Each structure stands twice: as structure tokens, then as C-alpha cells.
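Here TrEMBL flags B:12-39, B:59-79, B:86-107, B:141-160, B:189-210, B:222-248, B:255-277 as transmembrane segment.
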């Protein structure tokens, strides 16, 4: 991975082989750079996610994974490059306009409101797409949210809050989910459940862009993986390659 | 004992003025992140406009109770559109300074126009006398002011907890950036919320008019106590603003009655104690790092 020439060729090779499948693209990020003041934190990043596809961003802390998600959401504004969703240009739009265009935000702190009940947390965002899950379906799929619907959102356990954060954007009808470390700090059995939910989401044709440090978990849900280092995409791997190189990746990530 | 009950009522009536104003301050801070220093001046304007309506146009208290908040809402909308809005992107200190400057302008303008001696106002017909409960004589107007404040606070509470607008305001107050990322155009609510907060200060001014000396300076001390209310209740907490408003009104009334020399200090001692025990205020959320 430290050898940059082999890295570039492997990226090209995989990009080429995958491109021949002529995937339709839900999210397409092209030539994206981002700064914090003078510091460049993303450098000419190009990634894409197709409908019904789960794609992860893997990398060490500070590699730019969360900044990439925030840039797609429009929360990080110091950027250059193009971001399109289903062909529509997002780059100039405000975060709320992007959300209404179909981008679903599931932040790493889950983003549950303590001053809103569980039901209100679900009902806050506007419904933006015809495929949005009706509230009954959300409750059927997440019975615990129905049981606790009158509780303040933050009275839920960490795992339940994660489910609420994901349920919230499904109720909204988002076409692309931005999931920032959904498995972080959760018990293995809950992580497994989160995995099931992601597969369910995928089966509905929703695109998922997932930031994940947990390589094992990532390999159970994702189709493709982008490895980020110092703000650049250094590897682009199909899931089989990713699994084959799991040990190497774990070492690289320092885990 | 009867005196104690009278002081309590006076305290609750004054507390109502604080609670209404602090509620306005809290929703403005919540949604805009602006600490509105001119809130005291807006309270003063509410009282002055009531006095002018009565003195120059012979428009009485009951009409003022409706008209003045509407005028102050419009004033708030203009203030947000013309001034506050342009500084929102900068450090919050800029809007604090802006509203401080605006306070000076408003106070001096009222002084220029209406002098410093104070404007006359009467207790509205029907609320002038006293009500005797058992052996205690209570001011009818104080009872009215107190009940009216409670009703408005409850109504605002219901608006915030039971309506979609209220839900959006609560969400924006708690996490404005995240609320935008969930598809809510937070900016659309900024102007009406600001106007609403200013209208509440104006309403407190109308209610205070019959019981206070109406001068350009009446808001100056008021805003200082209002900040104590907000600190005690917890910055950004709606419930805290209301509870602390009534609490401070009571403490101030007892202070004036039983320890006149220390009346002003008592409130700030209370504030210091609350901050010592609960730095984020009685109902403030604990800061999560």
C-alpha cells in the first residue's frame, strides 16, 4: 500500500472492471477537494455509489472519511469538485435542500434529539420520496421504537439510538444513506442487527455510503470499499479482494 | 401571614413579566444563537407604546394587550431582517454588541421624545380594586397579571410541545446543523421566531405598564435581572426560563419586603448558588464535550 505506483494501477484496474458493468450511479463524487482553512483534508477524491449498493470508506483516523460524508451532506462547505445525486448537481445546494433531494444523514453520534420523543425524532424530517417507509412499517421493522415511542429520544440505549437514526432517514425516504460508523461502541449482537438492517435497506434499492473502522463488519455488508489515506483514495477494492486482504488492512489500520 | 401572601402575589406578578420575557429570550437564543441584549428595551417599548396609545390615542389596556405584541412582532421582524441577520454568520459577540447598541439608541430616542419623568398609566377599569380572600386583601391587577402570564406561558409551552412548528423550533434549538441535514429549512423559521420572542418582551411591557413607572430606563435594570433568570433556568431551556422567571420574581419580592437593603443582591446570590451546584442552570442540559 505504501508503493504508490502499484496502488494507482490497482485502482485503475478495479475501476475499469467495475465500470464495464455500466452501473447507474446514485451518488457520484468527482474531483472533490476539501479544506479546513489552509489545510487540505480531501485531495481530488472521486467515488460513486449505485442504487442498492453498499460502499464503505475505510481509513485511519484523520484520513478524511467523515469530512467526505459532511461534504456530500453540505455541512462542510470549503470544497471544490462535483457531487451529483441521481444526476442532479448538489454542490451548490444547502444541506436541507440536499436532504430533500434524497441524502439521508446518520451521524456518528447518532444525532438523536433529547428534547424530542422517539416518535417526534422519526416524524421531524419531511417525507422526500414516494418510497419512504410509512410509520407503521418503521414500527413493524423496529418494534422497540414503537414500544418506546413516547420516550425522550436519548433515553434509548446506544443500539436503539442507532436504529432510530437509521429508521428516521428511511421514514424520510432518503435514496442515499450516509452512515458514519454505525457499529461504533455497540455490542456484537447489536452490530449484527445493524448489519441485517443495512442489508434490508440495500434490498430496497437505497444506496449506502458507510464510514467504518470495523473491517470485519464492513466486509459482511459492503459490495465495494474505498481506502482513504491523507485525503486521497489510495485503494478501490471489491469485497472479495477486501476479504482476502483483511489481515493486511487490519494491520494498516492499526487494529 | 397576610403580608406574606401579598408579597408572594406581588412576586408572582413580577415573576410573570420575567417569565414571559425570558421565554422570548430563550426561543431567540435557541434558534438564532443570539443573546438579545435589547430585550429589556423591547419590554420598555411595550410599556411606552401602551402609555402612548392611552395618552395620545385613548386606546385602552385591553386593546394594547393585543395590538402592542403585534407591533413588537413587526418590530422584531424588521430588526432581524435589517440588522441581526447580517451578523448571524459571525461570532455571536457581534450580535450581542449590535443589540447593546440598539438598546442605547432606543432608550435615548424614547428619552428625546417623552422625557425622563415617566409616562402616566392607569390600572384598567375592573381590575383596579382589591379582592379579599379570607382576611387577606389582594390586588386584583396583580392576580390578573399573574394568571395571564401563566396562561400565556402554558399556551407557548403547548405550541412548542404539541405542534409541528414547536417540534422544529425544539430541534433547531438543540442542534441547528443536524436539523438542516434532516431536510428542515431552519432559516425560514429564524425571522418569525425572532419576532415572536420580541413580541413576548413587548407583552410583558404591556402587563407591567399599570404597575411600574414607565420610563426610558425601565428596561435597563430589567435586562440585568433577566440574564440572571436565564442563567438560573439554564440557557436555552424553555421550561427553565419560565420557572426561573417566577422564582426570581418571588425572591425579589421577599427581598424587598424583608431585607430591603439586600433586595438586589439576593437574586445574584441565588444565581451564584445555582451556578455552583448546577453550572448549566436548573433545567439546562449538561454540556457534553
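Cβ atoms here come from the backbone N, Cα and C positions, even for glycine.
Sequence-remote contacts of a segment are chain residues at least 6 beyond its ends whose Cβ falls under 8 Å from one of its Cβ atoms, and for the transmembrane segment (B:189-210) they are 16-18, 20-21, 23-28, 31-32, 34, 36, 39-40, 42-51, 61, 64-65, 68-77, 79-81, 84-85, 88, 121-124, 127, 141, 145, 148-149, 152, 156, 165, 168-169, 172, 218.
The stretch from B:12-39, B:141-160, B:222-248, B:255-277 that makes the most Cβ contacts under 8 Å with the transmembrane segment (B:86-107) is B:12-39. Between the transmembrane segment (B:222-248) and the listed ranges B:12-39, B:141-160, B:255-277, the one holding the most Cβ pairs under 8 Å is B:12-39. Long-range neighbours of the transmembrane segment (B:12-39) within the same chain, counting only residues 6 or more positions beyond its ends whose Cβ lies under 8 Å from a Cβ of the stretch, are 79-80, 84, 88, 92, 95-96, 99-100, 102-103, 106, 139, 141-143, 145-146, 148-150, 152-153, 156, 169, 172-173, 176, 186, 189-190, 193-194, 196-201, 203-204, 207-208, 211, 219, 222-223, 225-226, 229-230, 233, 235-238, 240-250, 252-253.
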